[in-house]
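Quick look at what Swiss-Prot lists:
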| type | residues | note |
| --- | --- | --- |
| ACT_SITE | CYS142 | active site, acyl-thioester intermediate |
| ACT_SITE | HIS235 | active site, proton acceptor |
| ACT_SITE | GLU237 | active site |
| BINDING | LYS163, SER192, ARG249 | substrate binding site |
| SITE | GLY111 | site 'Important for acyl-CoA specificity' |
| SITE | SER192 | site 'Important for substrate specificity' |
Amino acid sequence: MPVKIPDDLPAAEILESENIFVMSETRAANQDIRPMKVLILNLMPNKIETETQLLRLLGNTPLQVDVDLLRIHDKASKHTSIDHMNNFYRDFEQVRQKNYDGLIITGAPLGQIEFEEVLYWDHIREIIDWSQQHVTSVLFLCWAAHAALYHLFGLNRSLLTTKRSGVFTHKRTSEHYPLLRGFDDEFFAPHSRFAEMDIDKLKAHPELQVLTESETAGAYMVLCKNNRNLFVMGHPEYQKSTLKDEYYRDLEQGLAPEVPQNYFTNNDPLQAPIARWHSHGSLLVSNWLNYYVYQLTPYNLDDMTGITPWGT
């Protein structure tokens, strides 16, 4: 939330250059405040677990957030009851005519399937296209980030020979972006995927900015230069046990997965996992919600022309 300061205070210019959110007394006196409306398209198999993870992050800010849950179709989910889906999820036709401050599209266990072969690929494309006119800022996670980069910019991923699973060190590659406020020079983030994007092509694209990357895991946070789309290649929302649960699930299915890197104590899957990314995940979502949703979105959501992108 902003710090209200006197008009013309000398510190204002310094604070603003550091991406500290300050507001003059004059602006504060005329400020309209309302809850942020965020839509979540949940593509993960365990809907309730993913809902909990994302709501935990959204709830860790001082902003009031009104959340709608969206499903891709009305078919039964393998890991979630149809009653839960019918009671708490909306179909796209129910939100098509609405506008939202933010949209989160989750990952999906589709890493080895070509995009065009995904059963609901046309629905995904339709929702991505819709979001560009009806949502102030979109946060794409993991598979959704790859899918959106492919659909919006024609940048395809490359399949990996083995699943990239683990917790990896990342570094900032850009400065002076509000999204990176409070980030350490190096931080941890979890990954769980079968593909990766070509970081050189991402850096060369005139409409994209790579903000953070990992020597092992590649590009991590990529931002559209209009600040409307944020692509995160990992899973900052994961709880402590998620990589462990995925590892043992794959073992039970006879897939012979590799042990997630830098995750279990002493890299021993019989020992407890160590969560090193929770503070980063919380900061990432908080900064996105504050700087790229709350500060950019119009007060009247019926008029999306009121969006004012950050200058960078």
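Cβ from N, Cα, C; glycine included.
Checking each of the recorded positions (GLY111, CYS142, HIS235, GLU237) against LYS163 (substrate binding site), the C-alpha distance stays within 10 Å for GLY111. The CA atom of GLY111 (site 'Important for acyl-CoA specificity') is located 9 Å away from the CA atom of CYS142 (active site, acyl-thioester intermediate). Sequence-distant neighbours of SER192 (substrate binding site) (same chain, 6+ apart, CB under 8 A from its CB) are GLY107, CYS142, LYS163, ARG164, SER165, GLY234, HIS235, TYR238, THR242, LEU243, GLU246, PRO260.
GLU237 (active site) sits 19 Å from ARG249 (substrate binding site), taking the CA atoms of both as reference points. The record gives LYS163, SER192, ARG249 for substrate. Within 8 Å of the mean position of their Cβ atoms, the other Cβ atoms in that chain belong to SER165, LEU243, GLU246, TYR247, ASP250, PRO257, PRO260. Considering other CB atoms within 10 Å as the measure, the emptiest surroundings among the active-site residues HIS235, GLU237 are those of HIS235. Residues LYS163, SER192, ARG249 are the ones the record ties to substrate, and the longest Cα gap between any two of them is 14 Å. Across the binding-site residues listed here (LYS163, ARG249), the residue whose Cβ sits among the most other Cβ atoms within 10 Å is LYS163.
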